[in-house]
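Written out below as structure tokens is the structure these notes cover.
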Amino acid sequence: MPNDKDQPGTPPTARREFLKSAGLFTVTAAGLAGGLEALTRRPGAGSAEAQGTAFVRPARPLGPYDTKEAVTPWEQATTYNNFYEFGTDKGDPARMAASLKPRPWTVKIDGEVKKPQTVDIDTLQGWFPLEDRIYRMRCVEGWSMVMPWLGFPLASLIRRIEPTSKAKYVQFTALYDPKQFPGQRGNVLDWPYVEGLRLDEALHPLTLLAVGLDGRVLPNQNGAPLRLVVPWKYGFKNIKSIVKITLTEQQPKTTWALAAPDEYGFYANVNPAVPHPRWSQATERRIGELGRRATLPFNGYADQVAGLYKGMDLRKNF
Amino acid sequence: MERPLSGTRPAPPRPRAAGRPLGWLVPAVTVGGLLPAVILIQDAVSGALGANPIQRATLQTGLLTLALLVLSLACTPLRLLTRWTWPARIRKSLGLLAFGYGVLHFLIYLFDHGFSLGVMVDDVVKRPFVTAGFTALLLMVPLALTSRKDSVKRLGFQRWTRLHQLVYVAVSLGVLHYYWGVKKDHTPPLIYAGIVIALFVVRWAAPRLRSGPRPARPAPGRPG
């Protein structure tokens, strides 16, 4: 069957021209599309394989602080993380998590305490009965999750180490080790990551030191082996991979408050009435949902914690 | 500021359609530029956009807008440096693709906020980050509307050229929007800023070098 291009009078070069043009068309289109994808596409989520199953979680009724809202699936809670020590992309922590070695691990406790000491993480978590707490978590960026933490109240630890009368604040310091934290090789933030709480905030029964998630050992990308959870504050207050807890007289100089003091305050209480300079904080997207929901004052914990800030202007002390 | 550029003049008549040199170029750029949108839709359907798909789609369409805008702005400097004529032929397609992704970026933003006009106005008025991005998109509207060849004739070449210089403002605001949108690592927006500044410098310097005492190179040969 003769090709319909092969008509009498058409020079044979026309077909060759057509094929050449088609080839150039394909190469150019694919090249441009490939280039644009390389420039703009962000890597997909890292894999979140099961990370050990050391904890056996007893079935239990919901406690007084638990939310009844649906828990964020493990897959999303462990692949969508802000943990700049691993990298600034939310997929980086899950991808790079293997570089962190959470055992052996020691935590130094010092400052205005009567019993300063350095304690192994397993010893530390053995001191207290571990509790499940299903908390809302609200990121300053406008997304939220519901996290089934496993841990113990920070208050238990503080009472055990006996603060002196000078202690007014608690300062937390995360691990600094660029070998384990590739994100620390750049100067994105002033390492090590430091966070802090006022002593009354630290002693609040909602404030947790977490060592697990959903009945399992805390995955590296979620802040292993020890992280802070303060559910009425924005997520960045919840410092991960803690190596030092210091009780201080002065308000700690915390990492994000130093990096951008107009955007990230020391208190960082979830507050729909105080916008971030670049976006409103009135709404949030719960991970797994397409739409937005209203953000609650103190992330829904106002009944428990609003009293801590009586008389304070939370627009100034944001 | 800038003198009329030969690439924006109507193309000389071609001998015949089939043998038209580089006839495949504009369709290839159009298809290549639209493919990322197809891939984005496929990713959205298959769940490959991750835990926060709306945020990812917003970021990706924003980056595509900026990348294509910068590519369209690179055409003239590239032609000035190399004397190739083909960059001028794809400039309009790249610009329109950039505008298309900008509109998509804006629509995703609106969807994200429940198409609430109140939220949008509040954001545009109160937050410089949004003001910059919104203004950049608005500035691209008249450029897209006057992208047809007969618009050049109707407006007159000088006025059309002056109008289209708005793209310099739009791309600068786009980079600023990107810079302000990034929480901490400002390297990528600064790279875009560097490229845009370099392109401005070439635009400014190349014609001046050319009108200097010695011609940089012999006159360009006609394609074909």
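Here, residue 1 is simply the first one shown, and the rest follow in order.
Positions of Cβ are set from backbone N, Cα and C atoms, glycine also.
Caution: TrEMBL annotation is automatic and unverified by curators.
Per TrEMBL, these features apply:
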REGION    A:43-62  region 'Disordered'
BINDING   A:N81, A:Y84, A:E85, A:C139, A:N222, A:R227, A:N238, A:I239, A:K240  Mo-molybdopterin binding site
DOMAIN    A:100-256  domain 'Oxidoreductase molybdopterin-binding'
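Everything TrEMBL records as a feature, shown here on the structure.
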| residue | record | Cβ neighbours (10 Å) |
| --- | --- | --- |
| A:N81 | Mo-molybdopterin binding site | 30 |
| A:E85 | Mo-molybdopterin binding site | 27 |
| A:N222 | Mo-molybdopterin binding site | 27 |
| A:N238 | Mo-molybdopterin binding site | 25 |
| A:K240 | Mo-molybdopterin binding site | 28 |
In three-state DSSP terms, the structure that A:N222 (Mo-molybdopterin binding site) belongs to: helix
Mean per-residue pLDDT computed across the domain 'Oxidoreductase molybdopterin-binding' (A:100-256): 97
Secondary-structure category, per DSSP, in which A:N238 (Mo-molybdopterin binding site) falls: coil
Cα-Cα distance, maximum over A:N81, A:Y84, A:E85, A:C139, A:N222, A:R227, A:N238, A:I239, A:K240, record's Mo-molybdopterin binders, Å: 17
Reduced DSSP assignment, A:N81 (Mo-molybdopterin binding site): coil
